[in-house]
Structures are given as structure tokens and as C-alpha cells.
């Protein structure tokens with residue numbers, strides 16, 4: 001053991017030891033309790049950033065802690081390798097995305113290993129490998145057979161220059177981020193997965209997720225968006241057709257003054273053929289983003305269609321407007337407008353001088369100026385004919401029943417959740433295994449012809465999908481009639497890859513089936529770690545896919561992740577680290593200067609996992625100083641501990657002196673609190689406990705036999721508490737100080753109940769409520785002994801002097817108050 005702390009050397013030796021001994025490679029073992037710890041897999045950008053390091057350090061602390069507890073721990077790592085970022089990087093560098101991606105993976109794998117994470121690298125997966133996406137294609141075929149994968153027209157953001165669909169974040173001021181072209185709303189044919197078939201179960205099973213953050217549960221509940229409402233039929237004034245409206249407010253039905261339909265509604269398109277003004281308006285609407293949030297905040301605009309509908313109860317004529325705020329994807333693309341009781345309808349009505357008809361007044365009868373603002377709270381019905389004077393809550397059921405009984409409507413449970421559009425007009429993704437034949441139509445690729453390989457030698461240009469230009473890919477023969485046919489050139493949304501990867505880690509070597517029985521052993525994941533930005537999309541899709549895999553008989557649980565931790569961001573100068581802000585700190589530079597253990601220790605100590613972490617250079621220096629202090633202390637006690645650790649009776653040492661028992665009690669109290677905090681995932685306070693223990697031990701001397709044994713016990717506790725957080729130095733010191741074997745094989749320390757037993761109490765002594773002294777008494781001391789000890793305390797006697805004592809109050813285990 002060197003006298004000076006040399007992190008580069010000891011970390012290299014520890015990592016070589018773990019690799020040579022395959023320390024973290026695990027097998028299924030039914031005799032042991034399993035623990036599956038997983039951090040969200042990264043996109044291989046080529047460089048780890050501090051957000052990665054924090055995420056993976058938190059996961060590694062949890063995994064190593066569970067190893068110490070004797071569990072069979074799986075902690076794998078892989079790469080979310082498909083997607084737009086790799087394609088864009090390849091365009092800029094004029095090289096194939098496959099080459100760029102694999103080069104980055106190699107670089108990032110090395111960086112992860114330098115941090116000493118306890119990953120089972122034998123299970124590594126890369127989503128752009130055909131061995132992985134082959135089974136994704138197989139899964140798509142199963143969904144297609146069950147009617148859960150289907151194709152339909154959908155509205156997208158379309159870049160007319162690059163000839164591709166854009167995500168909302170790729171649009172800047174209404175223009176494509178690369179081409180600068182004005183983005184259009186276009187209806188194109190796309191593939192969808194029928195997640196809506198699982199809406200009710202996805203909502204209901206949120207109640208099972210007792211160890212998920214409440215914020216994530218709420219976000220998913222709102223995204224699924226269950227509502228109870230009524231479908232109401234509005235007949236067109238002319239002809240047999242009708243418009244169906246879904247509403248959660250049938251109590252306001254008598255206040256409808258117009259209907260609004262989406263620009264993509266068939267009726268709007270039909271009217272555009274006969275009106276240039278309407279056609280121009282629809283064209284303008286095409287230049288609006290398709291995101292619901294964008295549509296909600298944009299200026300409300302519309303145009304009169306010239307058509308009328310008939311109110312189902314009053315039989316009044318209602319004008320039908322085409323409005324840019326109505327979503328075709330929501331319900332039927334038709335809204336019944338009640339401007340007196342809906343803020344959006346009110347804003348639109350005032351702009352276009354449409355009538356307001358109040359039908360609910362405040363329950364307390366106070367006047368409301370409906371011209372100034374919509375009244376949206378509960379109240380009493382007015383101007384509603386036979387429904388007058390009914391409270392609005394009761395009116396929901398009364399009017400719903402009336403509509404049903406008169407064939408004008410029906411109750412319906414509605415979900416905000418839409419089916420999952422997985423088509424991407426991109427190259428770098430999983431090919432959708434579908435063939436189009438002029439004779440046979442849409443034909444799924446036979447399973448024995450999987451995988452449909454993505455050509456990896458293509459250099460994309462950014463103008464449309466290169467797969468459409470690659471004849472060797474899209475030209476094929478129909479598997480049914482053997483005539484010339486074409487492949488689907490859309491690729492899958494990369495969220496598909498990340499929706500089932502956690503299960504594939506259980507059997508990445510399996511080439512006969514998608515998942516084998518090992519998946520049932522390891523799933524569900526016991527602890528999942530990742531950012532809250534994935535609360536809705538990724539986590540919801542993974543829950544959906546888990547239920548699909550369960551229904552296919554491949555898994556036997558309802559949910560993919562038992563416990564979820566959403567770590568906070570890493571900030572510097574109050575802002576998230578980013579290259580554009582110039583506030584990035586690279587992990588590699590810190591590892592080179594201080595070592596991986598220092599980086600890990602700072603990351604863990606600086607903030608609780610779920611809170612944002614403010615970067616501090618002085619905090620990193622402090623973590624480094626602590627490890628040097630630990631190393632120096634260990635070097636000083638090395639010879640004494642090696643000698644004690646060779647003694648057979650070392651574990652049965654009895655401490656007699658009160659000061660030694662008190663010191664031991666302090667150590668075990670720190671251990672007790674640290675264990676509570678480990679279970680609560682409050683690792684920063686575990687580090688605080690470790691620092692307290694070291695400060696206690698440093699004051700002891702190895703020249704005293706009792707203290708030397710205290711140092712041995714305390715150091716053994718300290719190193720095991722640190723082992724999940726700073727594994728390299730803990731591994732090295734455990735062996736150098738003669739504790740024997742691999743520290744990971746050492747059981748997690750538990751406090752000794754005897755050490756925690758208090759033999760003496762410190763009580764405060766008051767005179768007329770003012771603090772005048774402190775006394776030490778045996779834990780079981782009688783009231784008489786406590787009174788006597790208090791009255792004989794030197795400072796108390798001085799304050800009493802010749803005063804007459806009226807009463808002595810003893811509050812057990814707390815204080816004595818002498819009244820004079």
C-alpha cells in the first residue's frame with residue numbers, strides 16, 4: 001500500500017480485478033432473491049456528460065448496495081442507437097450513421113468502464129443491431145395479426161423541401177430547422193399501434209405503482225385523460241347527415257350557439273371545393289403545428305362554413321364554423337360551442353360576433369357579466385326550458401338520460417390518449433416488416449424472412465428518406481404471389497426500441513425467440529432510474545409494451561418497473577449544463593485529475609438523488625480531500641489492522657471502559673442512520689455518516705488495544721458503507737487492511753443492538769425554567785438519585801445559594817426543573 005493516494009492506479013487495478021473475475025456477470029438463481037437495477041439506456045452521442053454520470057452513479061450505488069445484501073443483482077447497459085440525432089450527425093460528417101454510431105459506442109463504453117460501474121457487459125445490447133431489431137419486427141407482426149398495428153391517414157408537420165415529417169421541436173418560427181421552408185400540416189398514411197385498447201388498464205394499474213413519484217403518476221393519469229361524457233347527435237339542416245359531438249358538459253347543452261369543426265373534417269374539405277375563402281383558410285391552417293399545446297395557445301381563427309345544424313332539443317338552427325383550435329384527432333373533430341360557459345368558445349364568439357346564451361347562473365344568485373367572461377363554475381340552470389332550476393351536477397345525468405331516451409345521444413367514457421403513431425419517414429431506424437403488392441395488397445413479411453435488414457452503407461442527405469431511393473432495399477417480391485412488390489420505407493419510432501429493451505437484457509443471446517423464461521425470472525425491473533422528462537412518452541409506452549408481452553405469454557407481470565427514481569438535473573451557475581451555455585464540465589477531465597471515486601462521491605454527496613444538483617468545483621475538491629484523508633488514516637493504521645485481522649477472536653472483543661462503549665455507540669448510531677437513509681435512497685446523508693465515523697476513528701490510537709479494535713470494527717463498517725459509492729478505494733483498502741476476500745462478498749453492516757443501548761443519560765437542569773447545568777445519570781436512575789445529582793451539581797448549587805426550593809419537577813429522560 002503506497003503512502004500517497006493514487007486514484008488512477010488503484011482504480012485501474014480494481015477495474016482489472018472485476019473484469020478478470022467476471023464479478024458482475026450474473027446467472028439466474030431461483031434459490032436467491034433477485035434484484036434488477038436499471039438506468040435508462042443512453043443515446044451514443046460519443047461523450048458522457050454529467051447528467052449521464054449522475055444517473056448511472058445513482059443506479060450503481062443501488063446495485064452495489066443490493067449485492068452487499070446478498071441479492072442476485074442484474075445491472076446491464078446498452079445503447080439506444082437508432083434515431084434522428086445519429087442521422088443528422090452523419091449528414092453533417094458525410095458518413096453512414098452506422099459507422100458514426102459504433103465509433104461513439106466504443107468511446108462511451110470505455111468512459112463508463114472508467115467510472116467503475118458494476119455492469120454485466122456480457123448482456124450489452126445495441127438497438128441498431130439486427131439481432132435486436134429482428135425481434136422488434138417479429139413483435140410488430142404479432143401486433144399486426146391481432147389488429148393492434150394498423151395504417152391510417154394522420155396529420156403531421158411536413159417539410160416540403162426536405163420531404164420529411166418533422167417533430168414539433170424541429171420547427172423554428174414555423175419553418176423547418178434545416179431547410180428553412182414553411183412547414184405544412186399534411187395528411188399522410190402512417191402506421192399506428194393501438195395503445196387505446198389498453199387505456200383503461202394503463203389508467204387502472206397506476207394504482208399498483210406505489211413506489212413511483214406522485215408527479216409521474218399524475219402526469220400519466222392526465223395524459224391518458226379519462227373523462228365521463230355524452231355523445232350528442234346534431235342533424236344537419238339539409239340532408240340525412242349528422243355531426244356527433246363528445247362533451248363532458250351536457251348540462252350546458254341549451255347554451256350551444258354554434259358548432260366548430262376541425263379544418264381536416266370531411267365537411268370542411270367538401271365546403272372548400274365550393275368556396276375559395278374556405279380553401280384559403282384551410283391552406284393557412286396547414287401551416288400550423290400539430291402539437292396540441294401549440295394549437296391551444298395560438299390565436300383562435302375560423303370561417304363560417306355556410307352550413308347549419310339543428311339543436312337536438314330546441315331545434316334551433318346553429319351555424320357550423322371551421323376553427324383552427326378544433327383537433328380532428330380528439331373525439332370526432334367537432335365541438336359544440338357554449339360561449340357563455342367556456343373561455344375558448346367565449347373568445348371565439350366575441351371575435352366573430354356570435355351570440356352568447358347563458359344557461360347556468362351562480363348558485364348563490366349573484367349577478368355575472370357573461371359578456372366580460374364565461375362562467376365556468378357549477379351553478380343552477382336557467383334558459384333551459386324544463387331543465388330550469390336544476391343544479392348543474394344533477395343536470396348532467398338528467399340531460400344525458402333525456403338524450404338517450406330520445407335517441408339523440410348516449411353516455412361514453414372517453415380517453416384523451418391517442419393511438420401511438422410509429423411511422424418515421426427516416427432512414428436510421430428499424431424497418432417496418434410490411435410489403436406492398438399490387439395483387440395481394442398489404443402483406444406482412446413472413447417470420448422466417450426476418451430480419452428485414454437496414455442497409456448500413458447509406459450516407460443520408462437530409463432530403464427525404466434514402467430508403468425510397470435504394471432499390472436494393474425497397475424492391476422485393478411478394479411472399480404470397482411472388483410478383484414484384486415494394487417494401488415499406490418508413491422506419492419505426494425509436495421509442496419502440498426503448499419500450500422493451502429492459503426485457504431483452506435478460507436473454508440477449510437468445511436467437512430462437514424474442515424472450516425466454518429468463519425474462520420471467522428477471523422482470524419486472526426492481527429499480528428504474530431516469531429523468532422525469534420521460535414521464536409520459538417512454539414510461540407510458542414501456543408500460544403498454546409490457547402488457548402486450550404479457551398477453552403474448554412472454555412475461556408474467558403487469559408492470560415493467562416496480563420502483564422509479566427520477567433524478568434531478570446537474571446545474572452550473574443555476575442553469576442546466578449545455579455546450580451552448582458554455583457551462584459544461586466534462587467527466588473525463590475530472591477523472592483524469594481526481595479519479596472516478598472523487599467524481600462519484602461528489603455526485604452522491606452534493607444533493608439527494610431526486611433534487612437538482614448545483615455543480616461546485618470546491619465540492620469536488622472537498623470530496624478529493626476526504627478520500628485522501630481516508631487513505632492517510634488507513635496507511636497509519638495498516639500494520640495494527642493487519643495484525644488484528646489475523647486474530648481468530650477479533651470479532652468477539654468486549655469493550656469495558658465507558659468512553660470506549662460511548663465511542664462504539666456513536667459509530668453504531670451513525671451506521672443505524674446510514675442504513676435507514678440507504679433504504680430511503682438518501683445517499684448524501686449516508687456520506688455524512690461516513691464522514692462522522694472517520695472523524696471519530698481518527699481520534700483513536702492503535703497503541704491502545706481497545707481503541708485498535710474499535711478502529712478495526714469502525715473501519716470495516718466505514719468501508720462497506722462507502723463501497724457502493726466509491727468502490728475502487730473501498731475495494732483496495734479492504735484488501736490492504738487485511739479484512740480478507742472481496743469487499744463485495746462482505747455482508748452489509750448492521751448496528752449491534754448492544755452497542756446502541758445507552759447506559760447513561762445526559763439531562764439538563766433548569767431553575768425556574770432557565771438552563772443552569774447538565775448532569776450524567778444511569779439510564780435506570782430513580783427519581784431520588786436524579787434529584788440528588790441535580791441539586792449537587794456545582795453550578796446549580798451556586799444559583800440556588802440560600803433560596804428556598806418549592807418543588808423539583810423531573811421530566812423522564814429529558815430535564816429537571818427546580819422551582820424556587
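Quick reminder: no glycine exception, Cβ is built from N, Cα and C everywhere.
According to Swiss-Prot, the feature motif ''HIGH' region' maps to 42-52. What Swiss-Prot lists as motif ''KMSKS' region' is 576-580. The ATP binding site annotation in Swiss-Prot covers 579 and is backed by sequence analysis.
Residues 49-51, 569-570, 615 of the same chain lie 6 or more positions beyond the ends of the motif ''KMSKS' region' (576-580) yet place their CB under 8 Å from a CB of it. DSSP states for the motif ''HIGH' region' (42-52), grouped as helix (H, G, I), strand (E, B) and coil, give 3 helix, 0 strand, 8 coil.
In the motif ''KMSKS' region' (576-580), helix, strand and coil residues by DSSP number 0 helix, 1 strand, 4 coil.
Neighbour count (other Cβ atoms within 10 Å of the Cβ, all protein chains): 8 for residue 579 (ATP binding site). For the motif ''HIGH' region' (42-52), the model gives a mean pLDDT of 93.
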